[in-house]
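To start, the structure itself, in structure tokens.
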């Protein structure tokens, strides 16, 4: 499960991406990363 995310974090996109296993893109919809195959 992803750690809490913050839209103010410049690295959040990468963190969510890594959290989602690098598949598709992990996007931050505070307060959590959403793993969607965009």
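For all residues, glycine too, the Cβ spot is worked out from N, Cα and C.
What Swiss-Prot records for 2-19, 5-28, 16-33, 20-35 is disulfide bond, and it gives experimental evidence as the kind of evidence.
Sequence features, as recorded in Swiss-Prot, placed on the structure.
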{"residue": "2", "record": "disulfide bond", "DSSP class": "coil"}
{"residue": "16", "record": "disulfide bond", "DSSP class": "helix"}
{"residue": "28", "record": "disulfide bond", "DSSP class": "strand"}
{"residue": "33", "record": "disulfide bond", "DSSP class": "strand"}
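Candidate disulfide-bonded residues: 5, 16, 20. Fewest other C-beta atoms within 10 angstroms, 20. Under 8 Å, Cβ to Cβ, and six or more positions away along its own chain, residue 28 (disulfide bond) finds 5, 6, 7, 9, 12, 13, 16, 34.
Taking the Cα atom of each, residue 19 (disulfide bond) and residue 33 (disulfide bond) are about 8 angstrom apart. Listed in sequence order, the residues of the same chain lying 6 or more apart from residue 33 (disulfide bond) and placing their CB within less than 8 Å of its CB are 2, 3, 5, 12, 15, 16, 19, 20, 26, 27. Around the Cβ of residue 19 (disulfide bond), 18 further Cβ atoms fall within 10 Å across all displayed protein chains.
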